Amino acid sequence: MSRSAHPAGPRHADVLPEGHYTAPPTDLNALDPRVWARTVGRDADGVVTVGGVDVKTLAEEFGTPGYFLDENDFRARCRAWREAFGADADVFYAGKAFLCRAVVRWLNEEGLNLDVCSAGELATALGAGMPAERIALHGNNKSEAEIRRAVEAGVGRIVLDSFQEIVRVAHIAERLGKRQRVQIRVTVGVEAHTHEFIATAHEDQKFGIPLAGGLAAEAVRRALKLDGLELIGVHSHIGSQIFDTSGFEVAAHRVVGLLKEIRDEHGIELPEIDLGGGLGIAYTSEDDPSEPHQIAKALRDIVHRECEAAGLEVPRLSVEPGRAIAGPTTFTLYEVGTVKELPALRTYVSVDGGMSDNIRTALYDAEYSVALVSRISTAEPMLSRVVGKHCESGDIVVRDAFLPADLAPGDLIAVPATGAYCRSMASNYNHALRPPVVAVKDGQAREIVRRETEEDLLRLDVG
Ligand code: LLP
């Protein structure tokens, strides 16, 4: 996406630097509902509120930086996915996007299943009462201990990622006197149009077993021979932040093709397919994601069509959205510190967090929006770059955005759509303390993950 062409800028009008921006928005105080959580708005004084609580109160009570999550929005998104896919399909929330015990309880109450990819996520899921049979374990390099724990707990499925793992899981299950339900993750050879590091179904990468060269068919052959395994289906995940369903179409076509091969060779029809997650969300007003019911209809239609053409019973479908549920529910609230204007370039707006609470801009060149939220402003737009306080020039939160020119230290600004892969990828770089996640609902706010303290940090440093 090239958006460097820019009409005359209002602040640095003479020389406009390269950047990913279009014209400044007509109203800097507007909050695009596609980008912000559902209950976000401004009160009579122009202060932004979420779940009925204003950001000044939230900042006072919980401090900044902090992640503020709209609980009703999170639950509504769970329900929308659940209802869109219906009773003959399963929605597994991908816990890697953001997981804590409160989230597990919400998923449980809203009827979603849970995809975990580590012992830590599994412990969180089980510890908060997610029934084991509604948990799927993923990972390209699951340890013996992780597999044993999952099998012992009785997880509903382990998604096998390699030939070695097929044998490993089978042996562990046999030793425990169990037969583990498994799927095989295949790479279907689709190039998802997303950043290379978050695309996962092209063949030259670490996940899955390629369909190409008959490798996936061979994996099925081996899995079917092992007593410790009950092969229930095939899994495909093509990548993340995808807007176009054509990649899923190709994936479904190829996965159903494998099911047909299996039927022809072994005389069995596997009962399940999983098409993974990866559905995109709006980070800026330029993104236009589909609604869950549109995605569900598209995926179901594809699977039905392909199965009919192949003469197969339609298997039970599952999907694994992470970002599409958690992402839009949360914004990160920062306090503005130093504001540094570089003439003829842009204004660097430093906030009290940075790459330790949002690594996505530095890592994937991700784009975000930002708004002044502690007041409204009628000042002219100022081409800004929101940067953190870390000792690194790549410490950028929002690369290119317009903020009001009267922005001053002490103002609160917020970056929306940070509910997925921000807290879960947060770090202690420069010994930063990871921010809390605060759930806000019906006028009440409570920490569901508390802020780290210096004691937390020093507790691990055993001297
Ligand atoms: N299922 C599997 C097997 C996955 O590997 C993933 C994501 C998902 C589901 C959920 O994908 P989602 O619906 O959230 O896109 N850190 C990156 C994203 C990495 C995603 C890894 N796998 C980012 O911040 O964009």
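Just so it is clear, glycine is given a Cβ too, placed from its N, Cα and C backbone atoms.
Note that the structure is a prediction, hence the values are computed from the model and not measured.
According to TrEMBL, the feature active site, proton donor maps to Cys391. The secondary structure of Cys391 (active site, proton donor), as reduced to three states from DSSP, is coil rather than helix or strand. Sequence-distant neighbours of Cys391 (active site, proton donor): residues of the same chain at least 6 apart with a C-beta under 8 Å from its C-beta are Asn430.
When other Cβ atoms within 10 Å of the Cβ of Glu320 (pyridoxal 5'-phosphate binding site) are tallied across all protein chains shown, the result is 26. Annotation note: Glu320 (pyridoxal 5'-phosphate binding site) sits in a coil segment as assigned by DSSP. Feature annotation from TrEMBL assigns pyridoxal 5'-phosphate binding site to Gly278, Glu320, Pro321, Gly322, Arg323, Tyr421.
The annotation substrate binding site is assigned in TrEMBL to Arg323, Arg360, Tyr364, Glu392, Tyr421. Under DSSP, Tyr364 (substrate binding site) is assigned to a helix (H, G or I) in the three-state scheme. The local packing around Tyr364 (substrate binding site), expressed as other Cβ atoms within 10 Å of its Cβ over all shown chains, amounts to 16.
Annotation comment: TrEMBL describes 73-326 as domain 'Orn/DAP/Arg decarboxylase 2 N-terminal'.
Taken as a whole, the domain 'Orn/DAP/Arg decarboxylase 2 C-terminal' (333-419) shows an average pLDDT of 97 in this prediction. Residues or ranges marked as domain 'Orn/DAP/Arg decarboxylase 2 C-terminal' by TrEMBL: 333-419.
According to DSSP, Lys96 (N6-(pyridoxal phosphate)lysine) is assigned to coil rather than to any helix or strand. If you look up TrEMBL, you'll see Lys96 marked as N6-(pyridoxal phosphate)lysine.
The feature region 'Disordered' is assigned by TrEMBL to 1-26.
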(request) For Gly322 (pyridoxal 5'-phosphate binding site), just count the other CB atoms lying within 10 A of its CB, please. (result) 25
(request) Would you list, in sequence order, the binding-site residues among Gly278, Gly322, Arg323, Tyr364, Glu392, Tyr421 whose CA lies within 10 Å of the CA of Lys96 (N6-(pyridoxal phosphate)lysine)? (result) Gly322, Arg323, Tyr421
(request) For Pro321 (pyridoxal 5'-phosphate binding site), list the number of other Cβ atoms lying within 10 Å of its Cβ atom. (result) 27
(request) Note down the number of other Cβ atoms within 10 Å of the Cβ of Tyr421 (pyridoxal 5'-phosphate binding site), including every protein chain shown. (result) 24
(message) Return only the integer: C-alpha distance in Å from Glu320 (pyridoxal 5'-phosphate binding site) to Tyr364 (substrate binding site).
(response) 21
